[in-house]
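If you check Swiss-Prot, you get these features:
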- 1-20: signal peptide (SIGNAL)
- C48-C63: disulfide bond (DISULFID)
- C55-C72: disulfide bond (DISULFID)
- C62-C87: disulfide bond (DISULFID)
- C74-C85: disulfide bond (DISULFID)
Amino acid sequence: MKFVLLFGVLLLTLFSYSSAEMLDDFDQADEDELLSLIEKEEARAKECTPRFYDCSHDRHSCCRSELFKDVCTCFYPEGGDNEVCTCQQPKHLKYMEKAADKAKKFGGKIKKWFG
């Protein structure tokens, strides 16, 4: 019985050691992969696609407006078989930006009155 217990403890120790080694290898691989993804992201982030330009090459490359990032919207033009993708600002975000701009202007007027 002591032999079985000793053998079990030894087996458990070896198993946990090998698992730790495998996890270290996986962590190192994840770190390397993460670093390469970050480098690609930095390289891609240098140039953005302006509004109403083609974004089919990279659908996450649209530029930011004052508050929000534009969205790559794809559609099929009438009578066309090819998909067209352009960077556009959704209407609800457009209205939110207009409201924020008006609020800023109104805040400036209040500051002048009570300033």
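Glycine is treated like the rest: Cβ placed from N, Cα and C.
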Expressed in Å to no decimal places, the gap between the Cα atoms of C62 (disulfide bond) and C48 (disulfide bond) is 5
Counting only residues 6+ away in sequence within the same chain, which have a CB under 8 Å from the CB of C48 (disulfide bond)? S61, C62, C63, R64
Hey, of the disulfide-bonded residues listed (C55, C63, C72, C85, C87), which one tops the CB count within 10 A? C55
Within a 10 Å radius around the Cβ, which one of these disulfide-bonded residues has the most neighbouring Cβ atoms: C62, C74? C62
Rounded to the nearest Å - Cα separation of C74 (disulfide bond) and C87 (disulfide bond): 9
